[in-house]
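Annotated in TrEMBL:
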type	residues	note
DOMAIN	470-670	domain 'Histidine kinase'
TRANSMEM	6-23	transmembrane segment
TRANSMEM	35-53	transmembrane segment
TRANSMEM	59-79	transmembrane segment
TRANSMEM	91-113	transmembrane segment
TRANSMEM	125-152	transmembrane segment
TRANSMEM	191-213	transmembrane segment
TRANSMEM	225-245	transmembrane segment
TRANSMEM	257-274	transmembrane segment
Amino acid sequence: MIELVIEWGHGLAAFLFAALVIWQATMRQAGGARIALTVACAMTALWCVLVTLRGPLGVAAGLGGNLSDLGWIGFMAAIQPPIADDGRRRTVYAIYGIVIAAILLGMLLRLLPFLFVGSPRIQDLIVVAIVALRIVVTMGSLLIAHNLYAAAAPEARWRIGSPMAALAAIWVYDLNLSTVAYLAQKWPEELFALRGFFLALVAPLLVSVSRAAEVDRLPPARSAALRFLPLTAIAIYVAAMVMLARLLNLTHQIDRLGQVTIAIGFSGLALAFFPSSRLRSGVKQGLSRHLFQHHYDYRVEWRQFTDTLGIPGRDDRALGERVVQAIADIPDAPGGLLLLTAQDGALEAASRWNWADLDPPQRAANPSFGHALLGAGTVEVAAPPDALALPDWIADTASAWLVVPLTHYDRLLGAVLLEKPHNPRALDAEDHDLLRLAGRQAASYLAEALGQEALSDARRFDEFNRRFAFIMHDVKNLVSQLSLLARNAERHADNPDFRKDMVATLQSSVGKMNDLLARLSQHHRAKPEEPTPQRLLPLVDRIGSRRDAPVEVSGDEDLVALVDPARLEQALGHLIQNAIDASSAGAVVEVLVGPREGMAAIDVIDHGVGMSIEFVRTRLFHAFASTKEGGFGIGAFEARALIAAMGGRIEVQSREGEGTRFTVLLPIVRKTEAVA
């Protein structure tokens, strides 16, 4: 009867793993992880076939089991995230080496009994050694699976949770089987019989396999302390098995039932523990609460925080993105968005980290929210203080979790909006205090970066002035040369040789002036005048009609705003030209005029290449960020300054590959105040 169960169970498992191999082979996407998974499933299917045909204790079945273990170790190595170059890397590599060495040694030992056919004692010792090595392999494999899961980024854990749970369950079952065999000095037939059906039960969990995280998260010291949890659990398990084996030996009538119950019970715990972030988080918080005075190990928390802020990494990430990640790592948030304070006190969307589906407005919050946030501390979106009115887009974002202010010398530099984890935990005073301190530290980094940026701009302006001085020097030389030519022309105009030299001099002067024009990148600036009430639509229509590309202007003909026509023409000309440059040849640029939020709005819309939120924040309105050869890059910078001088502002909405909308907001004039 037991032989029949072994054959049918392992036959069913072989069929399911072979189906996994076929399913993986038909996938169009190739990659190292998928190939490794296919090989591992094929080795497991081969092992189950050998058990079905030759029995569980045969040499062929044993070698098949070793090959299956090698396949799964290779699969975990293929999806192993990069590990920081510290002691943890050496530890993980050492575990891989020990497990692989134990598997290879076990394969060698399975062939040795053929050399000692007449020595049953030596054969028995070899069998004991094989069982002991099997225990080492299962324990090491469980440690690798646990550390691989812990090293993956949060968004990747949900993808690899089921495969890791399946592997953990298989190895826990084999650990039970090998431990019982070692203690009882015989192979438990009932556990062998049920192993095939257990493999068939966990095989579907491998369907959801996906690649692991690409970036390794440096574990905090408390996390490192908890890395001993699986090793401690295995040690407790072995001790418990020894005690249970002694008890079960005293009651032979329930010996087999006890073995099966223990194996299935521990395997069930592995299936529940690995994919459940809530259970793992609860265990972690429980241990922290009862074994430690504080939730955090502040020494390593702060080291990780400052390393993230101060080290750009291999991908040379911008400071804004590093600020978001450094703060998000503290409460284990999977992503976040950086908001920076504008000149008028409003908060504008800047950098983001791991929150691709969030679509915030460029002007994320009004100045009143920034003032209220300055004294509010860390704000939970689900329960904000009564005195703090969240922006509608934050309140309507289901995944928004926390708002952490970035305060520098009692001045709000910005805030970080954190994404809600899959299993958010309740925050206490210790969490809020640490986030407040982290926000202040991050604000100091941002303040230093902004100061360096302002100093760099000042240096660039100084360079601009020096370059302009050289140009003025060249212009002076040209004026002197042409003045001399004009004086001589009065006396020698009838001389053919002089006329020939005069033409050559004029051609040379024209060439030099063209060179100077190429070196100049801004248009003539009209003398500023005080803004006066002007009808916007005719003025904007006249500006758009001067462009070679198609520009469609429409809107409210009666809208009157307080503007300086010359400054508006210069600023709007920059924006329309940028829209034309960003669009494909012949594409229409739309300009819409109308009232909005108590101001007069001019929208310049294109459907061109678009811009990233990072570019809009860090480069678009900064001086010398030109993409044109020979340009000074002050067009957008000058446009915003011109509009601000008239009491207005410029807002931007852009998506890469979709286009850009520049919105110029100007003080509106009521019709009763308008000049006819």
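Any Cβ shown, glycine's included, is placed from N, Cα and C.
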For the domain 'Histidine kinase' (470-670), the mean pLDDT of the predicted model: 82
Positions whose Cβ lies under 8 angstroms from the transmembrane segment (6-23), at least six residues beyond its ends: 38, 41-42, 44-46, 48-49, 51-52, 55-56, 192-200, 203-204, 206-207
Folded-back contacts onto the transmembrane segment (59-79), same chain, C-beta under 8 angstroms, at least six residues removed: 32-33, 35-37, 39-44, 46-51, 96, 99-100, 103-104, 106-107, 110-111, 113, 130, 137, 141, 144-145, 148, 160, 167, 211-212
Folded-back contacts onto the transmembrane segment (91-113), same chain, C-beta under 8 angstroms, at least six residues removed: 59, 62-63, 66, 69-70, 73, 77, 80, 83, 123, 126, 129-130, 133-134, 136-137, 140-141, 143-144, 147
Outside the transmembrane segment (35-53), six or more residues from its ends: residues with CB under 8 Å to it: 6-7, 10-11, 13-14, 17-18, 20-21, 24-25, 60-61, 63-65, 67-68, 70-72, 74-75, 77-79, 196, 199, 206, 209
